[in-house]
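So TrEMBL lists the following for this protein:
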type     : residues : note
DOMAIN   : 1-156    : domain 'Cytochrome b/b6 N-terminal region profile'
DOMAIN   : 157-191  : domain 'Cytochrome b/b6 C-terminal region profile'
TRANSMEM : 28-50    : transmembrane segment
TRANSMEM : 62-80    : transmembrane segment
TRANSMEM : 86-104   : transmembrane segment
TRANSMEM : 125-147  : transmembrane segment
TRANSMEM : 167-190  : transmembrane segment
Amino acid sequence: HYTADTTTAFSSVTHICRDVNYGWLIRYMHANGASMFFIFLYFHIGRGIYYGSYSFMDTWNIGVLLLFAVMATAFMGYVLPWGQMSFWGATVITNLLSAIPYIGPTLVEWIWGGFSVDKATLTRFFAFHFILPFIITAMVMIHLLFLHETGSNNPSGMNSDSDKIPFHPYYTIKDILGVLLMMITLMSLVM
């Protein structure tokens, strides 16, 4: 139902919220879910800094790239409704890239798809907002691969191979309960 066109984007979002059955629920779950995702992401980063996970450079660097990719995805999603805040947010934030030496202005024009924020920009942002989550999923797999190679940090800082338990069923059940709790919290925020 969404159309990535400067003349109809705002009205298509309004149509989804008002006329599509439970469209408002889908939109607000998407928006609040993204905010909740960032809250958990910042807790994850804080934990990594507190326990010194940055000493595992490969895992940490992939995590930093993941943070930038997630922030880019969220920013592009913020622009998609194409209200005044979206338009000026896209204009200001993309113009910050013009400060990059040598390639800045060319990079900004490439992102815009022209000489100003317009329909080409909105179309590109819509495409990237759709494609980037798949790239992020692949990067998460790489992040986990590096994590399994190095092992995660623990609060005590000591290796404790003797008291390990299998992932399934213990952590599977714990993760399912965590996802259910998150969904209940998200639904209570939206409804």
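Every residue gets a Cβ built from N, Cα and C, even glycine.
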Counting only residues 6+ away from its ends, which parts of the chain sit with a Cβ under 8 Å from the transmembrane segment (62-80)?
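Contacts of the transmembrane segment (62-80) (Cβ under 8 Å, skipping residues fewer than 6 from its ends): 2, 4, 9, 13, 30, 34, 37-38, 41, 45, 48, 86-87, 89-90, 93, 121-122, 125-126, 128-129, 132-133, 135-136, 139-140, 142-143, 146.
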What residues in the same chain, six or more past the boundaries of the transmembrane segment (125-147), come closer than 8 Å to it by Cβ-Cβ distance?
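Apart from its flanks, the transmembrane segment (125-147) reaches 2, 4, 56, 58-59, 62-63, 65-66, 69-70, 72-73, 76-77, 79-80, 90.
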I need to check the long-range neighbours of the domain 'Cytochrome b/b6 C-terminal region profile' (157-191): which residues 6 or more away from its ends have a CB within less than 8 Å of a CB in the stretch?
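Sequence-remote neighbours of the domain 'Cytochrome b/b6 C-terminal region profile' (157-191) are 25, 28-29, 32-33, 36.
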